[in-house]
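Taken from TrEMBL as is:
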- ASP68: active site (ACT_SITE)
- GLU127: active site, proton acceptor (ACT_SITE)
- CYS93, HIS95, GLU127, HIS153, HIS391: Mn(2+) binding site (BINDING)
- 179-268: domain 'Peptidase M20 dimerisation' (DOMAIN)
- 310-344: region 'Disordered' (REGION)
Amino acid sequence: MTSPFIELRRQLHRIPEPGFQEFKTQRMLLDYLQTLPQERMEIRTWRTGILVYIKGTNPSKRFGYRADMDGLPIPEETGYPFQSEHPGYMHACGHDVHMSIGAGLVTQFAQRPMKDDLVVVFQPAEEGPGGALPMLASAELSDWMPEQMVGLHIAPEYPVGTIAVRPGILFANTSELFIDLKGKGGHAAYPHLSNDMVVAASQLVGQLHTIVSRNINPLDSAVVTIGKMSAGTKQNIIAENARLEGTIRTLSAESMQLIKARIEGIVRGIESSYGCTATIDWGSNYLQVYNNETLTLEFMDWLQKTDTAPQAGGTDGSLADKSATGTVNGSEPAEAGQVQADSLSSWSEPQIPVRLYECTEAMTGEDFGYFLEKIPGFMFWLGAETPYGLHHARIEPDERAIGVAIRTVDSYLRWKSAQSG
Ligand SMILES: CC(=O)N[C@@H](CCC[C@H](N)C(=O)O)C(=O)O
């Protein structure tokens, strides 16, 4: 029997929608939530997002879990029988998986509430322009604000069962980048009478890629990517306009400031050397995802201690013995065993051992960082082993990760709630 949450994931996968246009997605989730026991549940919507409050049996604390909802403008090539029904759009960053995990957690706690309260947040527009910040400022969330937040993101590079996390910075600061160039169009046969923005844009791309290699300390990390470049209208017309769309990633505010200053200087140089005009739009920017050190180390320690499998190598089981550090594609995650068997689910899914892996920072962005700026908590990578990575048209996350995540977060929150006195 397929897990109900794998089935839900597949239905959500069919209807990927852009940020703040997740109308069908919101409807599908609300329809599902209505099938659950309602006595302890209260539901609010905020734009295309959903907030679900589940009352505890004797609450003294309020926990929160967040799932993002939006899809990406990528024509799907998975060949899934349940592939996207929205041409040019797909769930290529695992948000369908994140939402089904969120629905699974609502189900678990609606059916068997813990002592404390839980707010499950289905947040729109993570891929842009960013739903976290306005949602945090919303009236709908204000009186439901959690005291601790948990989030996760699928990780195609890790085996299923891997929980990869670190205290401190997990994801980078981000800024979008949009540059428009304007020259003078004309006939392809008379370039001397025009000002060709294909050439200016091509030079600009090359110069932008000197910033990280020449201006950033080699011991620091930063990324400048131009993901989309458009110019011109036809092969025998000189392009009057060009547009570059990209993104910047840094591990510090100082590096972000430096990179933006260098981009400004290079763009002004292109203006003067090509006699064109240029505008820069920095778009939306996300705060780094900064995992609360105390809570994260406690989570990592808990994950170790819930192991029921025999400890590898007879170590004392301390974190240092079993956590592995290394690059994202580095050594195998430390073998840690299995999270407490989940008596809650009636699924036929096999119990998959959970392995803790202490990872390095990643240059991905996540507006979950704004949740963690206000509310202590953490985000972790969820192993979903798939040959194709995030934002690829053929990404197929391993669906067994859904059950692993529901069991792990369910068990962790119940444990944490029992600690809250
Ligand atoms: C996990 C992930 O892929 N997040 C996105 C966040 C996008 C932020 C913003 N729209 C930008 O492009 O900078 C990522 O691209 O890392």
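A Cβ is built for glycine as well, from the same backbone N, Cα and C atoms used for every other residue.
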Item to check | Listed in sequence order, residues not in CYS93, HIS95, GLU127, HIS153, HIS391 with Cβ within 8 Å of the centre of the Mn(2+) site Cβ atoms | outcome: ASP68, ASP70, LEU72, HIS91, ALA92, GLY94, GLU126, LEU390
Checklist entry - Looking at the recorded positions ASP68, CYS93, HIS153, which ones sit with their CA no more than 10 Å from the CA of GLU127 (active site, proton acceptor)? => result ASP68, CYS93
Checklist outcome for this item: For ligand 1, the recorded positions of ASP68, CYS93, HIS95, GLU127 whose CB is under 6 Å from one of its atoms are CYS93, GLU127
Next on the checklist: Using DSSP and collapsing to three states, where does HIS95 (Mn(2+) binding site) fall: helix, strand or coil?
Outcome noted: helix
Checklist outcome for this item: Should one count Cβ atoms within 10 Å of each candidate's Cβ, the active-site residues ASP68, GLU127 would be headed by ASP68
Checklist entry - Across all protein chains in the structure, which of the binding-site residues HIS153, HIS391 has the highest Cβ count within 10 Å? => result HIS153
Checklist outcome for this item: Neighbouring CB atoms within 10 angstroms of the CB of CYS93 (Mn(2+) binding site), all protein chains considered, total 26
Item to check | CB contacts for HIS95 (Mn(2+) binding site) [other CB atoms within 10 A, all chains] | outcome: 27
Item to check | Euclidean distance between Cα atoms of the residue listed as 'active site' and HIS391 (Mn(2+) binding site), Å | outcome: 15
